[in-house]
Amino acid sequence: MSRFLICSFALVLLYPAGIDMYLVGLPRIAADLNASEAQLHIAFSVYLAGMAAAMLFAGKVADRSGRKPVAIPGAALFIIASVFCSLAETSTLFLAGRFLQGLGAGCCYVVAFAILRDTLDDRRRAKVLSLLNGITCIIPVLAPVLGHLIMLKFPWQSLFWAMAMMGIAVLMLSLFILKETRPASPAASDKPRENSESLLNRFFLSRVVITTLSVSVILTFVNTSPVLLMEIMGFERGEYATIMALTAGVSMTVSFSTPFALGIFKPRTLMITSQVLFLAAGITLAVSPSHAVSLFGITLICAGFSVGFGVAMSQALGPFSLRAGVASSTLGIAQVCGSSLWIWLAAVVGIGAWNMLIGILIACSIVSLLLIMFVAPGRPVAAHEEIHHHA
C-alpha cells in the first residue's frame, strides 16, 4: 500500500512545485527575456490553462488504458517542458514551455486522485487526502526558499533544471514502483454499474460545487494577499512573508490533525465545521476593527479549507470505481476554471480585494452548508476495488 501513497503524493506535488519554485527568479527571467514582470506573470495563468487542457482528456484515457499510461507520459512531458523553459530565449517560448509543463502536471494530478480512489476505502481516503493537503501546503513555503538557495549560486535556468529533476524522480517512481490500479475492464454484467456512475449524479455535482467554491476561497486569498497585507494593512515585504509562512503552518497543522478527527467525528461534521469557519472568517473580516482581528480571520480561512477539502474530495470520488479518472478530471477542471473565472470576473467588475475575499467566503459557506445538509449520497458505494495488476 505504501507504494501507492508515495507515488500518488509525488504525482500531485509536481503541480504546486511548478507554480511556486520559479517565482523567486521572475525578475531575472524578465530581464534575460527582455520582457516585463507583468508580462511574465501570465505564466501562472498559462500553466493553469495547460493543466485544465490535460484534464479534458487525461481522466478518460486513464479509465480506458490505465493509470500508468497517463502518469508516465505526463511526467516525461513535465521534464521536457522544464528543460524547454530553461533554454527559452524569448517570452513566447517561455510561455509555451509553461503551458506544456501544465499539461504534464495536469496528467499526473488526475492520475494521483484516481489511484487513491482505486486503493483506499472512503474513510482511509479522506484521511490520506487530508494529509496530502497538508503536504501540499508546505510547497508554497519551501519551494521559494529552495529557489532562493539555488539562485544564490546558479542562474534562473537552474530552477527549471531542478523541476526537471523532480519530474525525473516522478517518472522513475511511475515506471518502476507504481503498479497498475485501474479495475479490470468490466464484464457485461458490470455494464449497468458502469453506466450508473454518472457525472450528473446529484451528490457528485454537489461535491464539485463545494470543492470548487473552497478552492476559489483559498486562491482568492492567495491572489489578494499582497494587496490585503502590504497595501491595505501596511505590512512590509518581510512581514508579509512571515505571515504567509504562519498561515501555511496553520494549514499544515489542521490538515495533519484531520485524520485523527475523522476517527472521532463523522465526515459530514468536519465538512460543516469547514464551512462554519469560512462563514466566521467572512464575518470577522467584514466587521474587523483592527489588523489583529483581521489576521485571526485569515487563520480561520486556512483552518476551514484544511479541515474540509480532503473530506469533500474523498466524498466526490466515492461513487466512482470504474470512472475514477473522469471524475478526478471533472473535479480538477471545475476547480481550476471556476476559481479562475471568479477572480477574473471580480477584477473586471472592479470588486476590491477585501470585498472579493469576503464575498466568496460568505457565498461559499452558505451554498456549501445548504448542499451538505440537503444532498446526501444516493446509495451505498463500494469502499474500494480490488487492485488488478496489469502487465
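First residue shown is number 1, and so on along the chain.
Every residue, even glycine, has its Cβ placed from backbone N, Cα and C.
Remember, predicted model here, so these are calculated numbers, not experimental data.
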Arg28 vs Asn355, same side of the membrane according to Swiss-Prot: yes
Top Cβ-contact partner of the transmembrane segment (331-351) among 42-62, 69-89, 245-265, 269-289, 293-313 (pairs under 8 Å): 42-62
For the transmembrane segment (4-24): best-contacting stretch of 42-62, 69-89, 131-151, 245-265, 356-376, by Cβ pairs under 8 Å: 131-151
Candidate ranges 69-89, 131-151, 158-178, 356-376 - greatest C-beta contact count to the transmembrane segment (245-265) (under 8 angstroms): 131-151
Distant-in-sequence neighbours of the topological domain 'Cytoplasmic' (314-330), which means Cβ under 8 A and at least six residues beyond its ends: 55-63, 67, 70, 109-111, 113-114, 116-118, 122, 125-126, 129, 182-183, 186, 190, 193-194, 197, 199, 201, 203-204, 207-208, 211, 267, 271, 377-378, 381-382, 384-385
Long-range environment of the transmembrane segment (293-313) - Cβ separation under 8 angstroms, sequence gap at least 6: 113, 126-134, 137, 207, 210-211, 214-215, 217-218, 221, 233, 243, 246-248, 250-252, 254-255, 258, 261-262, 267, 270-271, 273-278, 280-282, 284-285, 331, 361
